[in-house]
Amino acid sequence: MSAPLPNFVHSQFLDHNSKMHSQPSESFVHNQTKHEQPNQSPEAAVKKFLLAFNCVLMSIGNCGGPLILRLYFIHGGNRVWLSSWLLTGGWPIILLPLVISYFQRRRTSAAGTTTEFIFIKPRLFFASAVIGLLTGLDNYLYAYGVARLPVSTSSLIIASQLAFTAGFAFLLVKQRFTSYSVNAVVLLTLGGAILALHSSGDRPAGESNREYIAGFLMTVGASVLYGFVLPLIELTYKKAKQNLTYTLVLETQFVISLFATILCTIGMLINNDFQAIPREGTEFGLGKTKYYVILALSTVIWQCFFVGAVGVIFYSSSLFSGVVIALLLPATEILAVIFFREKFQAEKGVSLALNLWGFVSYFYGEFKQSSKKKLQLPRAQGSGIQIPNV
């Protein structure tokens, strides 16, 4: 693979560090290799921790988001633009870690130096704005599908996103595939496809064929579009032409969420959703208080997903983020069975097994790649050959 853990972001991070420290002699590097190899550097340990942390954030959003959105529609909510707005409407939450990061930099900066408040440059800002508009459109397509389909059905359609992510990653960021990553993509996609065998039995009562088909097609469109957005974010990082840090990643997600929310806000204004919210809250099946609690929780949970997604892409790759999303599909299915009493057919158990198999296959391939590079590094350093960062 061209973007194994760590990917191109790691090389930029190392390049930045090389400017701050003098280059050690070749003999020193060679003598220290055997001591450095078994132990992780502090930067690598922090990187893996942040990757795991962002995976957790994405898991919370990926599993909880569809459930709480479906809860809104089951109990009387019917505003699609409002529900799509909720997916990115929690963007002010990102301001908190950004402000903390600023004061941390200010506290540790040298006396008399100016601390930058914003890192994002115009090139990256405009690219993030475009991605934000695409994300806003994807939000609408997805919310429309969730309004018409059960969680189990919409989730299995979204599973096809991995195949689209892999294809667009190959085209946009020249993602190379090993036999293990190809096996993971096939297994995870097949795991989602198997769930479709009895999806028609989950069709909501009283819903027409036309509405069901429209929801199905909208969800497929959302899957394709977000499968394009994930590699596009990775390409944006690659072409940013500025030092990439996690603070900059948060700023990028801030801009993406802001412009996605602006697009959905325009849709709400055209559809008169703001005027309908008080009436819908009064008529909501779980009561007015729970209606507003559901809206507020939706913004927080979905923001966890989007912040986690861009973080996983930053510390790994868009393909890996797609693998994590596909892996979480059975978990979403199980939660839908528990909370919404949806049926758990044998096909869902088979899907779970295939997804876990695919996930293990992906990580085994990454482990072999990492082990191979560790073996190559001492030999290359001993012979005076310089290995490029990957």
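Note: Cβ is positioned from N, Cα and C throughout, glycine not excepted.
In TrEMBL, annotation is done automatically, which means it is predicted and not curated.
Residues or ranges marked as compositional bias 'Polar residues' in TrEMBL: 20-31.
Look at TrEMBL and you will find 20-39 tagged as region 'Disordered'.
Within its own chain, the transmembrane segment (49-73) has Cβ neighbours under 8 Å at 5, 83, 86-87, 143, 146-147, 150-151, 154-155, 246, 294-295, 297-298, 301-309, 311-312, 314-316, 321, 324-325, 328, 331-332, 335-336, 339-340, counting only residues six or more beyond its boundaries. The transmembrane segment annotation in TrEMBL covers 49-73 (among others).
The feature transmembrane segment is assigned by TrEMBL to 85-103 (among others).
Residues annotated as transmembrane segment in TrEMBL: 124-143 (among others).
According to TrEMBL, the transmembrane segment annotation covers 155-173 (among others).
Taken from TrEMBL, the feature transmembrane segment applies to 180-200 (among others).
Residues or ranges marked as transmembrane segment by TrEMBL: 212-233 (among others).
Within its own chain, the transmembrane segment (254-271) is flanked in space by residues 79-82, 84-85, 87-91, 94-95, 98, 120, 125, 128-129, 131-133, 135-137, 139-140, 233, 303, 306, 310, which lie at least six positions past its ends and keep a Cβ under 8 Å from the stretch. Feature annotation from TrEMBL assigns transmembrane segment to 254-271 (among others).
Distant neighbours of the transmembrane segment (291-315): 5-6, 9, 47, 50-51, 53-62, 64-65, 68-69, 71-72, 77, 82-83, 86-91, 93-94, 135, 230, 233-234, 237, 244, 246, 249-250, 252-253, 256-257, 280-281, 284, 321, 324; these residues of the same chain sit at least 6 beyond its ends, with a Cβ under 8 Å from one of its Cβ atoms. Positions annotated as transmembrane segment by TrEMBL: 291-315 (among others).
According to TrEMBL, the transmembrane segment annotation covers 322-340 (among others). Beyond its flanks by at least six residues, the transmembrane segment (322-340) meets 55, 58-59, 62-63, 66-67, 70-71, 74, 150-152, 155-156, 158-159, 161-162, 165-166, 169, 184-185, 188-189, 191-192, 195, 227, 230, 312, 348, 351-352, 355-356, 358-359, 362 of its own chain at Cβ-Cβ distances under 8 Å.
Through the fold, the transmembrane segment (346-365) approaches residues 1, 152, 156, 178-181, 183-188, 190-192, 194-195, 197-198, 320, 323, 326-327, 329-330, 333-334, 337 of its own chain, all at least 6 residues removed from its boundaries and within a Cβ separation under 8 Å. Residues or ranges marked as transmembrane segment by TrEMBL: 346-365 (among others).
Within the chain carrying the transmembrane segment (212-233), a Cβ under 8 angstroms from the stretch's Cβ atoms is held by residues 131, 134-135, 137-138, 141-142, 144-149, 153-154, 157-158, 160-165, 167-169, 171-173, 175, 203-204, 252, 256, 309-310, 313, 318-319, 321-322, all 6 or more beyond its ends.
Counting only same-chain residues 6+ beyond the ends of the transmembrane segment (155-173), those with a CB under 8 A from a CB of the stretch are 2-3, 66, 142, 145, 149, 185, 188-189, 191-193, 195-196, 199, 216, 219-220, 222-224, 226-228, 230-232, 234-235, 238, 317-319, 321-323, 325-326, 329, 332-333, 336, 351.
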